[in-house]
Amino acid sequence: MDTLFSLAHGFTVATQPVNLLVAFIGCFVGTVIGALPGIGPVNGIAILIPLAFSLDLSPVSALILLTSVYYGSMFGGRIASILLNIPGDSSAVVTCIDGFPMAKKGLAADALAISAISSFAGGTLATIGLTVLAPTLAMAAIHFGPREYFALYVMAIVIVGGIATGNPAKTLVAGLLGLAIGTVGIDPATGIPRFTFGAYELYEGIDFVIVAIGLFAISEFLVYIEQRRSGPVEQVPVGRRSTALRRLTYPATSLRAGLLGFVIGVLPGAGATLASFMGYALEKRVSDKDGTFGKGDPRGVAAPEAADNAAAGGSLVPMLTLGVPGSGTTAIMLGMLVTLNVQPGPLLFQQQPEIVWGLVAALYVSNVILLVLNIPLVGLFAKLLTVPPHYLMPGVVTVSFLGVYSVNQNSFDLLMMVGFGVFGYLLRKLGIPLVPVVLGIILGTPMEQSLRRAMAASGGDVWTLLESPLALALHAVTACMILVAIVREARRRHGEAAAARGA
Amino acid sequence: MNIIAGRRALGAGMLGLAGLAAARPATAFVGPRPECLAPSAPGGGWDFTCRTVGRLMQELQVVDQPVQVSNMPGAVGAVAFANVTSRRAADHNLFVATSTVGLTQIAQRRYPGDIDRVRWLAMLGADTGVILVRADSRFKTLADFLGALKSDPGGIVTGGSSSLGGYDHLRLLLLAQKAGIPAADLKRFRWIHYDGGGPAVTQMLGGHVEVVSTDLAEIAGFVEAGQIRVLGAMAEARLAGAFADIPTAREQGYDVVGLNWRGFYTGGRVSDEHYNAMIAGLKRVYDSEGWKEAARRSGLQPVWRSGPEFERFVAGMVSELRGLSQEIGIIS
Amino acid sequence: MSDRIVGVLLALFAGWYGWEAGSYSVGFGDPMGPALFPEALAPPIGLLGLYLALRPDPEPEWSSGRYLLAQLATVAALVAYALLLQPLGFILATLLLVACLTAMLGARLPQALMGGAATSLGFFALFDWFLGIPLPPGLAFGG
């Protein structure tokens, strides 16, 4: 009962007019900033901190401002994914798979609305989960050790294979190339530089933003030039939602993906990216009866969005109960708490419950405002696509350069982005999917590190990986997935001997 | 084009705000965009240093723009070091948190470059190395733990926030050396590297690592919560306040002092003028009540060294750590 | 044919990657070491490459003629932009790039120049002033 009372108090604070106004500004600015690829919540927060100080906001209001910027920019990232096929941050990669095809079909506004609604559903689910289960879940999450994490990452890599359509060998190669690209840079466990060729620029590894923007945005431009060969590229009618809002909610999808996302979010380090594509893969397995996923299926947008937002909520569990950041989001929030002179740690719940529940309430209020703010605006965002392509496409290229330049401010990264653009173009022509490459890069380092930790703990005994029941169970599920995939593939080959290759 | 126009209008609005901020009196500390670079993930020790000092700088009006804290984790600071030396050597907006942990890496030649590649500003305090176990552990004292380690060097899983041979690991090896464990056996210890003291302790609570060697400040909350036991602190004398009942390693018969000082460096091509202004700004932070309060709360002992004195201290420390690492066999 | 070439290239890459990974080692304490993970990635990449070489998909339709030329010119323009951004400054470099790309996509020259000017000035305002991400001023503001 204490919890509910504290939460109610948190909501009272969060819904004061000044805080609602602050949340509104934060959501709007965040959305605009997030729509620029490569520019994320960190930049948004950096801009608004001076504002928070000059308006002399109370700590709680400041916290609300920053959380609303965070949520806003997360939604903004979806705008670039859906309209332009540029994943603005790592958890938006999966949204491209079905979001961009929807936009191509003229359903951009629908896709954006689905994204907003499912995000809201995921966020709601996470807030409930957080309120009811936080302490229990935190204790469960600490049982996840290196072996269990490794099993989870192996499963994730295998799931990547299930996401993409087309030649499985090519999907696998794409994922492996991603893992290989991820090994570039200084090895965290020993400090040895790998595959850097002595270039300092590569010591930090290749930033996700550079790869994603290059592979997606620049290759898109090259593809566009070529498409004009088959006559002028027709413009799709956009601007209006074509469906009633009611029919853009996918309750079953959101519930499934949201629950999964929340559980993954609770594990420190696993994060929203993993959640978003596990959610997508689950939905594809459950619902993709007619092979519409990857070609603009609305559920393919709803699932990762719900999972992603639920994970963002779930990752608050380790942060609030243990003081350990569970994701990029919470890392930023932890920093904010320190700036506000709040010491995060295992005692935060007992010592400063008003901060904790204020934060939870603030997150939820941001969720609501984002929905209210953006549903009317989706048509406006979608109108971006009515800009004539010969202005829009060069503008997109400029934004891409800017997004990459903002990471490290040097030319080396820009050249690397162009290189990845050409690489991405070639991969697309060859029918090698791009998403597994990006996910391989994201998952490679944590996967290797968890394996190395498990090996260090066991003194090099490989069997240790199977000696934990939880890890064993995860590996068993992975093995089943591989088996099913092989059987399906064999049947498919058998059934359609002369299969035409997909696009 | 509507959206672009809207953004521009918004930009103009924000511009007005920036103008207001710039109207305040200029201070000599750093350039227009003060930035503290923490070479760790948020929540780590270096991150704490940056955020606390950044907050105080603003409270004391050492800076007139808020200090932006950016995080660049990777290879125990080597990534940030590479970034600063290669790209931001002359950036007088930037100061980078570091500590004995970073120096250990330089001493073992794990950074791309030696100490002369950057300018050492000042240290503001020292953190204390501690050996931790879970509250329900079989080890009650350092002697219990080191005795078990001596009889079975490869049988106990240890870990901390540094990579192999890093300062957390090195301090554990020093203790073991004092306990009479032969050098050949030191190499058989199992050591797991985590990205920070917090994650290491969390994993210890989950039973994935038995003993953690790290700094007190980052995990002080866990000690206060009673979830973990401190077997020994590697300090010269007992700590003050809430940590007074932690026994030192020295009083248990192992004469090892493992202090992890906290300080800052800046790019190697920053001018003397800016270098001195930065030191003066840090001194104002050090002298403030706020810093003493923050230090006390987190188990940090305030210590001040700056400028040439600090540079000599750094050089001495590096040669000492380098010798030690060679003796134990971490580097050749 | 394309898949065969790619397959062989992948196999060669895998060989080099695995061989290069083998050169990373540490003295003591890390039972797995920094080499094993990349070494483990190399064989599957190589085998999949060989598989592609032996069982290729149908040939994709490659770009040709003036479209290929346009693509090559685009890549050249992008590379030039990456190199010239800092010396020329953001406004001038972006104006040139956007004008070139816009003209290539079929706009008239005055339109292209207008588009370039609008894009570069708009983004400069957005990033440098609003977002506080400093862009190289370069020649446009006299260095």
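Cβ coordinates are placed from backbone N, Cα and C, and glycine is handled just like the others.
As annotated by TrEMBL, transmembrane segment applies to A:20-39 (among others).
The annotation domain 'DUF112' is assigned in TrEMBL to A:20-439.
The annotation transmembrane segment is assigned in TrEMBL to A:45-71 (among others).
Marked as transmembrane segment by TrEMBL: A:111-144 (among others).
Annotated transmembrane segment per TrEMBL: A:150-166 (among others), in sequence order. Within its own chain, the transmembrane segment (A:150-166) has Cβ neighbours under 8 Å at 94, 97, 144, 172, 174-175, 179, 267, 270, 274, 277-278, 280-281, 284-285, 291, 293-294, 431, 433, 435-436, 439-440, 443, 446-447, 450-451, 454, 465, 470-472, 474-475, 477-478, 481-482, 485, 501-502, counting only residues six or more beyond its boundaries.
Marked as transmembrane segment by TrEMBL: A:173-193 (among others).
The feature transmembrane segment is assigned by TrEMBL to A:205-225 (among others). Tertiary proximity for the transmembrane segment (A:205-225) is limited to same-chain residues at least six positions away from its ends with a CB under 8 Å from its CB atoms, namely 37-38, 84-87, 90, 93, 96, 181-182, 184-186, 233, 389, 393, 396-397, 399-400, 403-404, 407-408, 413, 416-425, 427-428, 434, 437-438, 441-442, 445.
The feature transmembrane segment is assigned by TrEMBL to A:257-282 (among others).
Annotated transmembrane segment per TrEMBL: A:322-343 (among others), in sequence order.
Under the heading transmembrane segment, TrEMBL lists A:355-378 (among others).
The transmembrane segment annotation in TrEMBL covers A:390-407 (among others).
The feature transmembrane segment is assigned by TrEMBL to A:414-442 (among others).
Here TrEMBL flags A:462-487 (among others) as transmembrane segment.
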For the transmembrane segment (A:355-378), I need the partner stretch with the highest count of C-beta pairs below 8 angstroms, choosing only from A:111-144, A:414-442, A:462-487.
A:111-144
Taking only the residues in the domain 'DUF112' (A:20-439), give me the average pLDDT of this model.
82
Among A:111-144, A:390-407, A:462-487, which stretch has the most Cβ pairs under 8 Å to the transmembrane segment (A:257-282)?
A:111-144
Which of A:173-193, A:390-407, A:414-442 shares the most C-beta pairs under 8 angstroms with the transmembrane segment (A:20-39)?
A:390-407
Could you tell me what the rest of the chain brings near the transmembrane segment (A:390-407), counting residues at least six beyond its ends with Cβ under 8 Å?
36-39, 43, 84, 86, 88, 207, 209-210, 213-214, 217-218, 220-221, 224, 384, 413-414, 417
Report, as numbers and ranges, every residue of the chain located at least six residues beyond the transmembrane segment (A:173-193) whose Cβ falls under 8 Å of a Cβ in that stretch; write 'none' if there are none.
157, 160-161, 164, 202-206, 211, 427, 432-445, 447-449, 452
